[in-house]
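J.: Please read through the structure below; I'll follow up with questions.
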Amino acid sequence: MRWDLITAIVAALVVSVLADESGQMAPYRIHTLFSVECQNYFDWQTVGLMHSFLKSGQPGPITRLLSCTDDQKKTYRGMNLAPTFEVPSWSRHPKTGDWYPAINKPVGVLYWLQHSEEAKHVDWVVILDADMIIRGPIIPWELGAERGRPFAAHYGYLVGCDNLLVRLHTKHPELCDKVGGLLAMHIDDLRVLAPLWLSKTEDVRQDTAHWTTNLTGDIYGKGWISEMYGYSFGAAEAGLKHKINDDLMIYPGYVPREGVEPVLMHYGLPFSIGNWSFTKLDHHEDNIVYDCNRLFPEPPYPREVKIMEPDPSKRRGLILSLECMNTLNEGLILRHAENGCPKPKWTKYLSFLKSKTFMELTRPKLLAPGSVHILPDQHEPPPIDEFKGTYPKIHTLFSTECTTYFDWQTVGFMHSFRQSGQPGNITRLLSCTDEALKNYKGHDLAPTHYVPSMSRHPLTGDWYPAINKPAAVVHWLHHTNIDAEYVVILDADMILRGPITPWEFKAARGRPVSTPYDYLIGCDNDLARLHTRNPEACDKVGGVIIMHIEDLRKFAMYWLLKTQEVRADKEHYGKELTGDIYESGWISEMYGYSFGAAELNLRHSINKEIMIYPGYVPEPGADYRVFHYGLEFKVGNWSFDKANWRNTDLINKCWAKFPDPPSPSAVHQTDNDLRQRDLLSIECGQKLNEALFLHHKRRNCPEPGSESTEKISVSRKVGNIETKQTQGSDETKESSGSSESEGRFSTLKLWVIALWLISGVGFLVVMLLVFSTRRGRGTTRGKGYRNKRRTSYSNTGFLDTK
């Protein structure tokens, strides 16, 4: 009796242990998750995964997280393919409208945690992809997973964990692990990680400026692996450091490590055996789950593989590929039977799938104790001089108008931006009248924030398009949600050569960085004393601006107000005060910037090695980040002046471009300064034409030289074009509202006459204002005068700072 009791107790203990280790009792309850959508493509993958789940002996329940729209559910046939938890579809992002189905994975996991009753009774979670075949039980603690230390497979191509990308998206770049595919973690860790996984996926997906292959490892540069980075960056934010393995999950077609038996196959990549091959993307719309007795093309048999491949290691890899394909087909056979399909006819292949040989090949693979190989920490040490803190987010702005003149500049700017590695997002501030917007064709040229045009001032009627820059910045600040810490403000007529970052150029809150505009002599004379309380704080800067967002919020309105103030002060347009050789007030916006910053005592760090004008001799050793082609520049007989292309549509005419600059071999060989100057000028010209070429290619223009393009080339006869444009330059500059040389050909008298012709009433009002102002001031202006002038602009619609 005593022995019977002992035997019963031992048996109970054994059963208890086995139950624990099978994932059925706390604290060893395992739950497996995988995410899919309502598509045939995911249905056949689900059949394969579910069949392998049952064959492998994986402990615990499994749940399919099914993301479907309401319309998809109406016609969906696969509800019975797996235990299912329905989750909202975010394939089309509910806020941004971005089409990115991969985001459904973190959305589904988070929704399951928040709304599933099953999630309340789980200790460990294994997360897989649908395109996987399980070969043996995946037990988290056997893999080495602990609370706070998840287990994951190695994804070596996630290079963003080692470069700029990680510093932009997490405060803990040192914790970023290149992992994915196979994930096993404690439920408590998943609860912390899941919302971060989703939010970081959204962040990376929206950071289109950093989808480039060199930063992400994505060969397509389309941001498709944003969800993978969302996981790694989210885990880093959560403080989770993974135990990483590189041999338990294998891609069919790869050779397994000697002595290692993979427990998971991931058939995300094409694989082949002899003349047979399989690519999952070839079956994107495949109805194979619902077509009775139809299978994927049968692969070779094991004995054929043994004949064709003498190398034992490679042969073992091919056998794994066979197993993957055969398991998929075996699952389809069983699914067809459940669907009520007639019994299939006998074939040699069906006979093999039911054979003892195949059963032995697919017997569950169990991990040997101590066989799990954990990789050492593979983070690359940062360079000694690299910024040690967390990189702040950056947003780049540039201002344009609804004209083809700004459109070709935008094309050049955006092309260079994508190549430069500039961090963060970018926004074009597009100032348009309602009428111009109706006919505008360049909406797709850049991420755009639309701004009401102030080219014609709403109160004074003054024509001054340059005011759109500060007005647009004010509008952007008041009408968008901005999560960037720093803003980089550039001009459209620029070409980026490299990143412009606050950490490299030492910008800080209260200390913006800019480039020198030495011709702003008004900072040193009466002009500054007339327009700012702090003339000693006036910096002669412009072009490139790096500023903290909080500084910009305080400063932007001053920039706009001071621009209006200087523009209205026509008495002081003289070049001896402003440095403007045309004496037209055209650089009022530049002074508006400097005087506005001075009002706040916002002093700049001035860096002369960020920007260069093509045609200028570079400083020795300077690594310029920006070309500013606002002035004419030449190399030999070739020249470029942006003003000559004001009325030429280079964007909507296929293959239109600028005259090609000379070859670099044609530049000065003896004088190194002149050689470097010319090489930079050539680079700028080449970059503009390169941008135009790619633009026309994206627009699907017919091949150059075809009949449809012969008559639209604008750059075949360089001499003729330059001659025609030179002859018409006076008319062009006089008729264009945004011409930078308006003042050269328009005296104050002509302006008054033109205004009178437009509106006699307006003329009388303006003259009354002018005369009343002259009676009320002497040769100098006091603080009261300035305050009065500011008040006169308080109803522009841009002064609401709430």
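The first residue you see is number 1, and the count goes up from there.
In case you wondered, yes, glycine gets a Cβ from its N, Cα and C as well.
Annotated topological domain 'Extracellular' per Swiss-Prot: 20-750, in sequence order. Marked as N-linked glycosylation site by Swiss-Prot: Asn214, Asn275, Asn425, Asn637. Taken from Swiss-Prot, the feature region 'Disordered' covers 699-741, 777-802. Taken from Swiss-Prot, the feature topological domain 'Cytoplasmic' covers 772-802, and the record attributes it to a curator's inference. As annotated by Swiss-Prot, compositional bias 'Polar residues' applies to 792-802.
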J.: By CA-CA distance, flag whichever of Asn214, Asn275, Asn637 among the glycosylation sites is nearest to Asn425 (N-linked glycosylation site).
T.: Asn214
J.: Let me make sure I understand the structure: which of the glycosylation sites listed (Asn214, Asn275, Asn425, Asn637) has the fewest other Cβ atoms within 10 A of its Cβ?
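T.: Each of the glycosylation sites Asn214, Asn275, Asn425, Asn637 was scored; lowest Cβ tally within 10 Å is Asn275.
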J.: What three-state class does DSSP give Asn637 (N-linked glycosylation site)?
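T.: Going by the DSSP assignment, Asn637 (N-linked glycosylation site) belongs to neither helix nor strand, so it counts as coil.
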J.: Measuring Cα to Cα, how many angstrom lie between Asn214 (N-linked glycosylation site) and Asn275 (N-linked glycosylation site)?
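T.: So the alpha carbons of Asn214 (N-linked glycosylation site) and Asn275 (N-linked glycosylation site) sit roughly 34 Å from each other.
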J.: Cα-Cα, whole number of Å: Asn637 (N-linked glycosylation site) versus Asn275 (N-linked glycosylation site)?
T.: 60
J.: In DSSP terms, helix, strand or coil for Asn275 (N-linked glycosylation site)?
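T.: DSSP call for Asn275 (N-linked glycosylation site): coil, neither helix nor strand.
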J.: Tell me, what is the mean pLDDT of the topological domain 'Cytoplasmic' (772-802)?
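T.: Overall, the topological domain 'Cytoplasmic' (772-802) comes to a mean pLDDT of 39.
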